[in-house]
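S.K.: Take this structure, written in C-alpha cells, and hold onto it; I'll ask about it next.
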Amino acid sequence: MSEEAPVHERTFVMVKPDGVQRGLIGEIISRFEDRGLTLVGGKFTRLDTEVARDHYGEHKDKPFFDDLVSFITAGPVFAMVWEGADATRQVRSMVGETDPAESAPGTIRGDYGLDLGRNVIHASDHEDEGANEREIQLFFDESELYTYERIDDPWLYE
C-alpha cells in the first residue's frame, strides 16, 4: 500500500485580541510545537482598519463584517507562521470549528473559545489554496520568516 507523502508547507495563524488579553499565546504555541510544527515567524501587531478589512475581505458583504473589523482592531494580535507536513490541515484540526460551541473538547476553540465572536484564534482556510500565501504576505515580509531544522525533525519526517 503506497501512501502519498504529506505536503511540507507554511500556514498562517493569528491569536486574536481576546486570546492575547487572556494570556493564551504560550499555550497555543506549545500545542502547535508539541504537534511537531515549527514556528518560523511570530510578532505582536495591532491591525489598522485597512489591514483588517483586507484580511477579512471575503466577509465584506456579511452583516457581521463591521463588528468583526472593530473587534480585531480593538487590541493587539499575535501573528504567526507555522511550517510542517500538512501544516494547514493540522492547524485547522487543532483549532476546531469557528463556533466554539460546535468545537470538540481538546481543540483550541473547544477549550478556550467563549462564543462565535470571541473564539481566540484565526487560522488559514485549508480549502482556499491562496489563503496561506495571501495572509502570510499581508502580515510578514519574507525577511521575517526563518526556516530551520528542529532537532526532532528526523523523528517526525522520513
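Sequential numbering from 1, following the chain as shown.
Even glycines carry a Cβ here, placed using N, Cα and C.
Since this is a predicted model, take the numbers as computed values, not measurements.
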S.K.: Given that Swiss-Prot assigns Lys16, Phe64, Arg92, Thr98, Asn119 to the ATP site, pick the one from Arg10, Arg22, Arg109 that the record assigns to that site as well.
M.R.: Arg109
S.K.: Using CB atoms and a 10 A radius, I'd like the single residue among the binding-site residues Thr98, Asn119 with the highest neighbour count.
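M.R.: Answer returned by the neighbour count: Asn119.
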S.K.: Rounded to a whole number, how many Å is the Cα of Arg92 (ATP binding site) away from the Cα of His122 (active site, pros-phosphohistidine intermediate)?
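M.R.: Checking the Cα atoms of Arg92 (ATP binding site) and His122 (active site, pros-phosphohistidine intermediate) gives a distance of 9 Å.
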S.K.: Which whole number of Å gives the largest C-alpha distance between any two of Lys16, Phe64, Arg92, Thr98, Arg109, Asn119, the residues noted as binding ATP?
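M.R.: Site span for ATP, by Cα atoms: 22 Å.
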S.K.: Whole-number Å only: compute the distance from the Cα of Phe64 (ATP binding site) to the Cα of His122 (active site, pros-phosphohistidine intermediate).
M.R.: 16
